């Protein structure tokens with residue numbers, strides 16, 4: 001027991017324990033995201049009950065649900081501005097406030113207007129939560145960044161399960177206040193973490209950036225090398241100016257922007273969010289003979305299990321490999337479901353053989369999507385963009401991603417009406433197949449690379465030549481395992497100059 005405690009203490013004091021704590025603290029907001037996403041399944045059945053204190057019809061219920069999605073892009077854009085001006089940590093901490101306010105308004109609601117307002121405000125917080133991925137990417141070492149970023153999908157899945165469980169035994173008002181408590185704990189936990197050293201350095205606060213790195217790394221040689229890379233990347237040892245139009249039109253910005261936007265489009269076209277948001281309806285459309293509510297709970301549990309599995313895999317498998325494998329298996333599962341529907345669609349559900357096949361295909365689709373197609377676009381937002389514009393682009397790209405989700409979710413009822421069941425499955429399969437080709441052709445590999453190295457993947461040849469000499473110098477002089485390295489933060493920059 002004593003040795004175990006000593007090992008844990010050494011991990012905290014000299015290992016990656018502080019970085020893990022910072023990532024967990026940031027991703028507590030992701031639990032609130034999952035709670036908001038799953039809350040409609042708790043709220044609407046109780047509101048539609050004849051004994052409800054607030055009576056709503058189906059149209060009003062749909063608005064209450066959709067308002068939690070409509071405001072997501074607004075929140076993401078706000079987070080981009082806040083990250084660039086106020087800092088990554090501050091933005092993550094501010095994210096918990098609209099969550100807290102939204103949940104309290106929902107819990108105290110006595111009419112539809114209050115419910116809609118609370119849902120809208122909490123939807124803004126969901127959009128702002130994209131800042132968590134940028135913060136985690138900037139405080140993590142290259143070898144840990146993947147697994148720490150994957151905490152986001154895990155915590156979202158935990159939030160969905162928590163709110164489903166609470167909603168099955170408690171009134172929605174009580175559930176709302178318990179969710180508000182989670183938001184409050186998130187606010188407190190982030191207060192214990194340091195600001196992103198990259199953001200501090202970009203604002204000319206080099207001494208503070210050094211202190212942040214020392215708190216996170218606990219090894220002077222490691223902190224020295226990382227700060228040197230950040231400052232070299234900025235091109236100025238003491239900070240940088242505000243981003244200009246020229247910065248946003250550079251290849252290092254527009255190339256990853258187009259890649260991520262296309263990745264998000266193919267993600268939505270593959271149907272995964274339609275399945276997650278309309279699980280009950282989709283199981284009915286797919287012709288499953290298993291009770292649709294039971295199947296929906298199975299999807300929630302499976303999301304959590306596969307999120308954890310994906311977290312393990314991402315530490316050992318390349319991003320491109322995971323994305324392509326995920327898309328291939330999604331395409332196969334939807335093709336199998338489409339073939340089943342084509343063969344047995346004319347029969348009634350009770351007369352179909354192997355009635356478990358549609359459910360198995362859909363559950364398999366959800367499982368493999370959590371290994372790559374769902375988490376990777378969100379995780380790579382914090383990886384692909386240069387430091388100078390990472391805050392703004394870290395808000396703009398997820399705002400488009402949330403917009404695509406909203407469009408997909410709103411279009412899905414009409415899609416289910418306009419197309420035959422097998423056609424829907426084939427459409428999803430085709431989109432996943434296109435995603436395989438897209439990933440193979442355009443998605444860069446980021447596993448094990450520092451954020452500086454990733455930026456250089458997209459830089460023009462002129463930019464690469466301009467920084468090659470300094471990069472080579474740093475690579476030679478600041479080896480992580482070089483015991484002879486005697487360079488310190490103060491030897492790289494004059495920490496007194498701010």
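Quick reminder: no glycine exception, Cβ is built from N, Cα and C everywhere.
Listed in TrEMBL for this protein:
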type: DOMAIN; residues: 18-447; note: domain 'Major facilitator superfamily (MFS) profile'
type: TRANSMEM; residues: 63-83; note: transmembrane segment
type: TRANSMEM; residues: 90-106; note: transmembrane segment
type: TRANSMEM; residues: 112-136; note: transmembrane segment
type: TRANSMEM; residues: 148-166; note: transmembrane segment
type: TRANSMEM; residues: 172-193; note: transmembrane segment
type: TRANSMEM; residues: 257-280; note: transmembrane segment
type: TRANSMEM; residues: 321-343; note: transmembrane segment
type: TRANSMEM; residues: 355-379; note: transmembrane segment
type: TRANSMEM; residues: 391-412; note: transmembrane segment
type: TRANSMEM; residues: 424-443; note: transmembrane segment
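As a quick check, the transmembrane segment (355-379) and the transmembrane segment (63-83) miss the bar of 3 or more Cβ pairs under 8 A, pairs 6 or more apart, so the two do not touch. The transmembrane segment (391-412) and the transmembrane segment (148-166) are not in contact, since fewer than 3 Cβ pairs between them lie under 8 Å (pairs 6 or more apart in sequence). Away from its own ends, the transmembrane segment (424-443) comes close to residues 259, 262-263, 266-267, 269-271, 285-286, 319-320, 323-324, 327-328, 330-332, 334-335, 337-338, 341, 373, 415-416 of its chain (Cβ-Cβ under 8 Å, at least six residues beyond either end).
Per-residue confidence over the domain 'Major facilitator superfamily (MFS) profile' (18-447) averages 85 (mean pLDDT, predicted model). Within its own chain, the transmembrane segment (172-193) is flanked in space by residues 21-22, 24-26, 28-29, 31-32, 35-36, 39, 42-43, 46-47, 89, 92-93, 95-97, 99-100, 103-104, 106-109, 118, 125, 139, 159, 163, 166, which lie at least six positions past its ends and keep a Cβ under 8 Å from the stretch. Long-range Cβ contacts of the transmembrane segment (63-83) within its own chain (Cβ-Cβ under 8 Å, at least 6 residues beyond either end) map to 36-37, 39-40, 43-44, 47, 56, 90-91, 94-95, 98, 112, 115-116, 119-131, 134, 199, 390-396, 398-403, 405-406, 409-410.
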